[in-house]
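Visitor: First, the structure itself, so that you have it in front of you.
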Amino acid sequence: MAVDSPALAIRSSVGIELWASSGSKQPYEHKSNLPREETKNSRSISFSPDGRYFAYSNGQEVKVLQTANWQLQCTLPRPKAFYLKFSPRGNYLCTWELYVITKDIPEGSPNMFVYEIATGKQVFSIVQKKQTDWEPSWSSDEGIFAIVVGGESLFYDLSQGIEGFNATTKKIGGSKGGVLSVGPGSSPPFIAIYTPGAKGAPSMCKLYKYPALAQNQTLACKSFFNADRVEMMWNKRGTGLLLLTSTEVDKTGASYYGNQALHFLNTKGDSCSVPLSKEGPVHCVKWSPKATEFVVVYGYMPSKAALYNLKCDVIFDFKEGPRNCAYFNPFGNLVVLAGFGNLPGNVEIWDVKMKEMIANIKCPDTTHFEWSPNGEYFVTATTAPRLRIGNGFKVYHYSGALMHETIWPQGQELLAVEWQQFAENTFTEPIITKAKQEGIKSSQPEASKKVYTPPHLRGGNNVDKIIQPQSTIPGLPPGYTSSQANNKKQGAQKSQQQQHNNNQQQNQQQQQNQANKKRNFDRTKTRRESKGEGGAAGNNNQSPQINKNQNNATPSPLNGEATVAPGNQEENGQQQQQQQRPQNKRNPNNRRQQPHQQQYQQKRQQNNNGNNEKPHENNIQEGHQQNQEKTANHQQQIGGEQQPLQQQQQQPSKKAANPEKDKKIRNVAKKLSDIKKLKVRQEQGEVLELNQLNKIAMEAKFLEELKALKLSN
């Protein structure tokens, strides 16, 4: 197999096999010299970091193969192995299986084992109940093996070989939920230990230099609150450490998924929080293989992505986009920003040195992404059990060209795909260019970019018929059918009938109101007529005004009655009405006087004054009095009849006028309230607009208007 064509290990529902390509433009396929085993119970596959060994489980045992000739190296009796993990140099293999309690062993048996690859011998075993964070920590030279059990950190010195597993060399007591991580790179390594906070104390992460693990030998320390879980990420040299802290529940209620924070520590003793310019979760954090920069994808969608240096300063901002993953190639000169999971699968390939995008493709339904060890190709796969339909994998060039595609047959499931690993310096760093590689066309149908069209609108003939329908009923616009016309006609008839009924009800109501007014008028007239002729005449208190008007009267030569001159008749009637109204207000009992009492007082006054007057003067005076009585009686009747009508007309006018006045008062008061608020904002230093300043200048005018409205009757 050519070195420039790493193999692909494939685990499916029918077996385990390795595929390889004969060249850069040749498809991947199974070769006769590559291993293949049919099994339906395989749970894990793994390459050693240096690429010397390949291990897989088949449901009966764990097999370890040499990649040089694909021969069997050893067999491990672990039929229930769930996870496989090689040590940094590939000399040991760790297996983990589910923790089980039986009747024979109620305390439970060990479920995490360490095997020596050279001999296939079990060298270590322990109970590790948690499925997460089960992996032990190794130093880069495999001289130190460390693991956390029951909140206690245990260290084993393997510099003398496998005998170091027999006893611990260091122990650090902690608390439940602690995390231990051994840094790569230098030897002896740096150790990071996380201790969760309790009883109001903050959580802490401390850096040590092995074997100096005392409390007073801390190199760096970072404390923080609100951390239920911590993920530790070392750079390749082991000089920088990123801490991704997260909480299960956000107590402030801002997020349903809790909150997250990112912190940085280095071996020089510096520590800080990584600044994030957008609120939201931290989706992904990845170190560059160059160990001098890292990328963070964070924030609510569309999320932001930024490149940071070791001082936690932003080197480059990738702007916002639908992304939640980041992947550096093995040389750190390319980075992929992608949106998988519930995102549409956008994949952006960026040149890290030039800070520019090389390609932008779509890989929908991707559940696995991995760069090839040569740094030029990457694989995307749709695997089960995440997705059970459309399983398969594709190999792309960094320019965005599709180089290979395999779709799994119906009824089978693709479970995992992994690149074969190689030792460092096996491949040279590729030179990044913008040249587009020639690839193949995907057999999978692409999602249509056209706007969705309902089925009944698809096709040219149907569109014409629906958009421009022809009516068969004369006089109706296009698009009307007989049922629509009938419905519209029935609706019009109903509306006309309803309007006719409303008009009839209004006419009946008006007639009834007029009848009630006439009935009240007749009752008032009858009541006043029953009181007698002249009952509404003026009393003696009106004599000065009446005598003043009598100077214009002339005696009639026919009947001896006094008549009023035509020119002064209207003036006399108006003066009598003005005299009568204030007198009735001052003395309401005048209207209740009986007619015979008024006549008796008038005759008595005539007898007292008539003894010294002539008969002709008596006749004139008597005629004047009779004429006055008739005129006063007529005016009283008219006034009595008009007074109820005037009261009825004035009452609704007052009711209609008062609401209008109140409405004006409320409007002016609202304007004054708005002016007051604007003044407060102006005092606070806010710059107001021109129309707001003009409104403040009108305050005096509004105050005068409000005062006039309140003083008006």
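Note: Cβ is positioned from N, Cα and C throughout, glycine not excepted.
As annotated in TrEMBL:
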type	residues	note
REGION	25-44	region 'Disordered'
DOMAIN	222-414	domain 'Translation initiation factor beta propellor-like'
REGION	436-669	region 'Disordered'
COMPBIAS	484-515	compositional bias 'Low complexity'
COMPBIAS	538-557	compositional bias 'Polar residues'
COMPBIAS	566-612	compositional bias 'Low complexity'
COMPBIAS	620-634	compositional bias 'Polar residues'
COMPBIAS	635-652	compositional bias 'Low complexity'
Visitor: With a Cβ cut-off under 8 Å, give me the same-chain residues at least six positions beyond the ends of the region 'Disordered' (25-44) that come close to it.
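Guide: Sequence-remote neighbours of the region 'Disordered' (25-44) are 1, 7-8, 11, 13-19, 54, 56-60, 65, 70, 81-84, 395, 403-404, 406, 415, 438.
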Visitor: If you average the pLDDT over the domain 'Translation initiation factor beta propellor-like' (222-414), what number do you get?
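Guide: Its mean pLDDT is 88.
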Visitor: For the region 'Disordered' (25-44), how many residues does DSSP put in helix, in strand and in coil?
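Guide: In the region 'Disordered' (25-44), the DSSP-based counts are 0 helix, 6 strand, 14 coil.
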